[in-house]
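Below: the structure, in structure tokens.
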Amino acid sequence: MSSSVALSSPSTPFLKPRNFINGRGTRIINPVTRSLSFNPIRFSSQKSNDLVSSSSNGVSSFCGPRSSSSSWSSIPSHVSSDRENYKKDFRIKATPVPESAGAGETAQEKSSGLMQTLQLGSLFGLWYLFNIYFNIYNKQTLKVFPYPVTITTFQFLVGTVFVLLMWTSNLYKRPKITTSQLVAILPLAVVHTMGNLFTNMSLGKVAVSFTHTIKAMEPFFSVVLSSMFLGEVPTLWVISSLIPIVGGVGLASMTEASFNWAGFWSAMASNVTFQSRNVLSKKFMVKKESSLDNITLFSIITIMSLFFLAPVALVMEGVKFTPAHLTSVGLNVKEVFTRALFAGLCFHAYQQVSYMILQRVSPVTHSVGNCVKRVVVIVTSVLFFRTPVSPINSLGTGIALAGVFLYSRVKGIKPKPKTT
């Protein structure tokens, strides 16, 4: 039990020394006052250290003169008794404090920490779930409607509608964008558009599991581009982690049943463009756009991507995503539209949740979560689509993902400064 110590005493004993009456009725002088009273004759005949002695409780007390033999002079019994009575006037009281005084705050902190953990865990679960459904619905749509530019444009359209609803309903504050900010965001929007387009082109050509195995090489391109444009020198640990990534992707590619070069190079191009976006963000956006948070930045990029890609889709693929065209090629219009709509919603939702997680955790933790997400997507797509996977292919994929996990752990290690 915790306690607070309070000094209990009569009115003002320290301000005015008191005299005492002993048991025989004789008035005596306070022994403490008497020992402290100044006598020039006695003071001159004693050494300065003869007045002080240390009591057993660590508090110095003045006891009067000592004899020349350094032995303490005796004090009359009635004086000693009166001094004990004087001491009894001062006593220390321990005021008990209830144990629950600080327990409420501790319990509240524990409850708050538990809620934050549950929220973060829920966000990670939604991140993985949206990503799984996006890859499944997107692959199903691209198998029957092989127009990746149109599908990507439709996904940006769904995201744009979602952003506008979010701003108009005040679910998220609508930003005030300046012209200089739009100019700075422009290159990011271009590479973001190209990255998602190349990903859909790869998903339309090869299995989902193979596309994500190739995309496991993102750390390799991140290191190369950062060295070329930012002057960042990778540590030996980072370089070592890239070896299993490259080797694992190569091993998986050699034994992939759905392998074709169009799908392979599209996934590689997606890696390059997405990592270019990260490099551009570091190079141009750190100082200029510090006022924009990640979610707002992603929302603006989504709208800009729609305006970039819509004219390209019209020129390259024409107007194909219509009920008339889908019916003419023998497709179920409702089924295709429903899958494309769910893919678009999940596409925007998983990226939105990804940025929400990034605002709550460190980049290293987010990178580890992204590695786990890729494993979950590969496994679920193999099970859902019943993709044939050989043991060597599984081994290559596993090695590559292990390298990605290792990279996410060691990229934060700083080299020790050289001592001279």
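From the backbone N, Cα and C atoms, a Cβ is placed for every residue, glycine too.
Segment annotation: TrEMBL labels transmembrane segment over residues 392-410 (candidates 373-391, 392-410). Feature annotation (TrEMBL): of 24-47, 144-167, the stretch labelled transmembrane segment is 144-167. A Cβ distance under 8 Å defines the sequence-distant neighbours of the transmembrane segment (220-246), meaning residues of its chain 6+ beyond its ends; these are 271-272, 275-276, 278-279, 282-283, 399-400, 402-404, 406-407, 410-411, 413-415. The transmembrane segment (144-167) makes no contact with the transmembrane segment (258-274): fewer than 3 of their CB pairs lie within 8 A, with pairs spaced 6 or more apart in sequence. Counting Cβ pairs closer than 8 Å to the transmembrane segment (258-274), the top stretch among 179-199, 295-316, 392-410 is 179-199. With a cut-off of 8 Å between Cβ atoms, the residues of this chain six or more beyond the transmembrane segment (392-410) that come close are 209, 213, 216-219, 235, 237-238, 240-257, 364, 367-368, 370-371, 374-375, 378.
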